Amino acid sequence: FLSFFRVALASLVLLPLAWRRGALSGIRGRWRAVTAFAVFEIVLPFPLIAFGEKEVASSLAAILIAALPLTIALLAIRVDQEERVHGARLAGLFVGLAGVVVLLGVDVSGSSAELLGALAILAATVGYAVGPLVIKRWLADLDALGPIAVSLAIATLLLAPAAALTAPSEVPSGETVVSMIVLGLLCTAVAFVLWFSLIAEVGPSRASVITYVNPVVAVALGVTILGESVTASAVAGLLLILAGSWLSTGGGAPPGLLMLLARLRRRSPAEPAATPRVSPASG
């Protein structure tokens, strides 16, 4: 139900904005690509992550999602020539995968429920990896607002039957409602538009490096707010995954993060207004 609520709220906000901006016109003839993006990036991952996070710690969930650059690079071996890897980038794949193995083999091997939850999150990561490749191949030339708004609307329809079966029997508390609204507006509507724009600008592999931030934030919040413990194997897995992601995307500073910040700066309203030009013939 939570997955349904967040995408429904985001679509209700973005669809009118996309319509007013004329961003929906480019969707014609690309319904299959938009639907594929909705399924792989939203409909499948959201419930899988919601299930997985019930069985594993939030810090572990974020670390597993940090394998996204590795997953994209692995899929690109078969589907995208430009995203293929070799040399140090290929070595990065194995380093990162070793980190995932450390997490699965050490942190969750003691419980079948934890293992199932971790596998669900990894399956969601595969969906997250397919989505950017769909954007790059079929949707990158469109205004991000249009495809994202329509994808969220499609996801809302597909998630509705399951949401009806899992709707809460009692009205959520005010604090819960506020959290759900923030999740729908900030973490879904705004985040997806920025994510789409970033992929279209720098490509799937480099954009996915933004997930470097996820494990660090999740581990810090899990420890400080939820009182979760951080094991040595979790730290080792985190370091291996981050090192592998860094190598597999070519090294250097995280380009996805840098490009996102640059894009936000370019859209800053603080720029001075342009001075009107006066032609020689006037006056």
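Cβ atoms are placed via backbone N, Cα and C, with glycine included.
Lifted from TrEMBL, the feature list:
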type     : residues : note
DOMAIN   : 2-104    : domain 'EamA'
DOMAIN   : 116-248  : domain 'EamA'
TRANSMEM : 60-78    : transmembrane segment
TRANSMEM : 90-109   : transmembrane segment
TRANSMEM : 115-135  : transmembrane segment
TRANSMEM : 142-165  : transmembrane segment
TRANSMEM : 177-197  : transmembrane segment
TRANSMEM : 209-227  : transmembrane segment
TRANSMEM : 233-261  : transmembrane segment
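Between the transmembrane segment (209-227) and the transmembrane segment (60-78), the number of CB pairs under 8 angstroms, six or more residues apart, is three or more, so the stretches are in contact. Secondary structure by DSSP for the domain 'EamA' (116-248): 113 helix, 0 strand, 20 coil. Over the domain 'EamA' (116-248) the predicted model carries a mean pLDDT of 89.
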